[in-house]
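**Q** The following feature annotations were taken from TrEMBL:
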| type | residues | note |
| --- | --- | --- |
| TRANSMEM | 44-64 | transmembrane segment |
| DOMAIN | 50-534 | domain 'Major facilitator superfamily (MFS) profile' |
| TRANSMEM | 106-129 | transmembrane segment |
| TRANSMEM | 136-157 | transmembrane segment |
| TRANSMEM | 163-187 | transmembrane segment |
| TRANSMEM | 199-222 | transmembrane segment |
| TRANSMEM | 228-250 | transmembrane segment |
| TRANSMEM | 341-365 | transmembrane segment |
| TRANSMEM | 410-428 | transmembrane segment |
| TRANSMEM | 434-456 | transmembrane segment |
| TRANSMEM | 477-499 | transmembrane segment |
| TRANSMEM | 511-531 | transmembrane segment |
Amino acid sequence: MRPPLGGGRTRKMSNNYNDIPFGIRIVQKLSRQCCPRLHARRDLLYKVSIFVLTFLAYACYHMCRKPISVVKSVLQGNCSSAQAAQLHEGQDCGYAPFDGPDATKLFGMLDSAFLFTYAIAMFASGFVAERVSLRYFLSMGMILTGVFTYMFGIARTSNIHSLWYFILIQICAGIFQTTGWPGVVTLVGRWFGRSKRGLIFGIWNSHTSIGNILGTLIAAHYVESDWAMSFVVPGIIIGAIGFLLFLFLVDQPEIVGCYPDSVPHERRVTNDSDEEHDDEEQVRHNAALVVRSAVYGIPAETEISYRSAPTERTPILASSHSQSHQREHGSGRPISLIDALYIPGVVEFSLCLFFTKLVSYTFMYWLPLYIQSSSTLGPTLSADLSTLFDVGGIFGAIAAGYISDLTGMSATICTGMLFIASPILLMYQQYGALSVSISVLLLIVVGIFVNGPYALITTSVSAELGQHSSLEGNANALATVTAIIDGTGSIGAAVGPLLAGLISTTGWQNVFHMLIIADIIAMLLLGRLVVKEFASLRRSPTRIRIE
């Protein structure tokens with residue numbers, strides 16, 4: 001009898017009933033009594049719940065980022081004309097300290113306070129996310145994000161005009177916003193397999209655009225009557241969804257006895273037939289590694305090992321005894337940031353995301369104000385029109401993920417979309433202000449090709465690199481790899497709006513030139529991976545994956 005796959009190491013369901021969220025315990029009890037058929041299909045139901053809860057969670061994170069971009073025009077307020085005075089009636093023609101001639105500079109400071117804090121804290125967030133219960137991690141992050149979003153809004157009702165108050169709120173919000181991305185990507189990576197991962201992540205990643213749209217529409221609804229509510233309402237919503245996650249989020253499949261195909265070789269072996277099936281899977285897996293390792297040079301004979309699933313009671317820092325036990329049994333452990341950088345493709349995609357996120361976030365933070373300044377539209381209509389950029393982003397994310405599933409050539413897909421994005425950006429700058437219909441069409445197209453690569457890198461590519469074969473099956477590296485890639489991209493997201501605020505004083509056309517240059521650099525950074533993908537494609541007709 002041959003030993004089971006993985007050297008006889010098996011995974012066990014958590015024996016601690018208290019690890020199961022309170023809401024799930026109630027649902028389990030009701031399903032056993034009232035709906036036994038649903039209980040029999042629990043794997044599917046749990047996957048659906050993870051998909052929906054993580055979708056709602058990150059949509060809320062992005063929803064809370066958008067109000068600042070919508071209310072800028074009202075905070076800045078200009079009552080030099082009778083029309084503007086009527087528009088800002090009851091709002092004192094702006095809100096100090098943003099009602100002066102240096103308003104653009106102050107808005108840049110607020111954006112930078114949030115985004116640079118977010119970028120720096122993201123690396124630490126990924127480190128922590130690997131070591132604690134993601135249910136507590138996400139719930140706490142969402143509730144505290146709601147608190148600081150709410151506090152930004154009550155500045156108006158409390159008559160607070162200190163610039164440092166707003167900067168401090170932005171810094172705190174940036175810190176707790178970092179709990180979102182490493183948490184949700186790790187959860188989806190744990191629960192969903194690699195089959196059609198690009199399409200699943202492409203659909204799931206529409207939460208970014210949905211959140212931006214909701215945040216814009218909510219803020220636009222209140223912006224001309226009471227801009228404080230533009231922050232208060234999103235803050236309450238994200239806090240409520242955070243509590244919902246605390247009640248129902250299952251952060252480890254093993255807690256509820258599920259064993260999804262996210263790690264197809266991680267099985268409970270109970271009889272000889274299972275062992276024979278595992279051997280067949282091992283043969284197919286080894287054959288696939290020979291082909292797939294061609295792009296990134298990872299040895300095909302990599303041994304896979306696992307560690308037991310952590311629960312919410314697992315210590316943040318393992319004891320020396322448990323660490324030595326893991327070494328003896330070859331089990332996985334959280335990796336360091338330096339180790340993660342040696343994973344093939346991490347550096348290239350991280351730097352590429354720096355520039356693609358620079359472009360995307362410049363649109364996110366400045367598009368409503370640009371539309372208003374380049375047209376005769378008011379704050380509400382400008383904000384509503386800007387949502388079309390995110391509508392295009394939904395289609396771009398799904399298209400990029402689907403094509404990635406078909407071809408496995410993620411770098412090539414990103415490069416192609418970035419190549420098309422550059423002239424589209426120039427067209428929007430030249431002709432977007434001619435009419436509303438032209439602006440609508442171009443904004444959707446720009447959203448498709450700007451957000452497509454951004455979505456693909458932050459989701460499917462990050463998940464694949466986080467479960468790279470060089471990690472020897474260590475799924476605990478996923479949060480760190482995700483944090484490195486998104487953290488690097490977030491630095492670009494901080495730089496973009498800051499540069500836009502400075503450059504816009506010399507003319508908006510110069511801002512678009514900056515964005516085009518950023519897209520070209522992002523495209524060039526993936527050149528080496530594109531060459532490898534085509535070289536591997538010529539050697540084998542099998543679709544390429546980052547293995």
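Note that Cβ sites are derived from N, Cα and C of the backbone, with glycine treated the same way.
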**Q** If we skip the immediate neighbours and take only residues 6+ beyond the ends of the transmembrane segment (199-222), which ones have a Cβ under 8 Å from one of its Cβ atoms?
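**A** The answer is 51, 54-56, 58-67, 69-71, 188, 192, 228-231, 233-234, 364, 368, 379-380, 383-384, 386-387, 390-391, 393-394, 397-402, 404-405, 447, 451, 455-456, 458-460, 463.
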**Q** Same chain, outside the transmembrane segment (228-250) by at least 6, Cβ under 8 Å from its Cβ: which residues?
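**A** Distant contacts of the transmembrane segment (228-250): 20-24, 27, 46, 49-50, 53, 56-57, 60-61, 63-64, 66-67, 70-71, 134-136, 138-143, 145-157, 187, 214-215, 218-222, 256.
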**Q** Considering pairs 6 or more residues apart, do the transmembrane segment (341-365) and the transmembrane segment (511-531) have at least three CB pairs under 8 Å?
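**A** Yes, the stretches contact each other.
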**Q** Cβ under 8 Å, sequence separation of at least 6 from the ends of the transmembrane segment (44-64): give me the contacting residues as numbers and ranges.
**A** 38, 138, 142, 145-146, 149, 173, 177, 180-181, 183-184, 187-188, 191-192, 204, 207-208, 210-212, 214-215, 218, 234-235, 237-238, 241-242, 244-245, 248-250, 253, 256, 258, 260
**Q** Under 8 Å, at least three CB pairs between the transmembrane segment (163-187) and the transmembrane segment (477-499) (pairs 6 or more apart)?
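**A** Counting Cβ pairs under 8 Å, at least 3, so yes.
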**Q** Applying the under-8 angstroms CB criterion, which one of 136-157, 477-499, 511-531 scores highest with the transmembrane segment (106-129)?
**A** 477-499
**Q** In the same chain, which residue numbers or ranges, 6 or more beyond the ends of the transmembrane segment (511-531), come under 8 angstroms Cβ to Cβ?
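**A** For the transmembrane segment (511-531), the sequence-distant neighbours (Cβ-Cβ under 8 Å, at least 6 residues beyond its ends) are 295, 345, 348-349, 351-356, 358-359, 362, 366, 370, 409, 411-412, 414-415, 418-419, 421-422, 425-426, 428-429, 450, 453, 492, 496, 499-500, 503-504.
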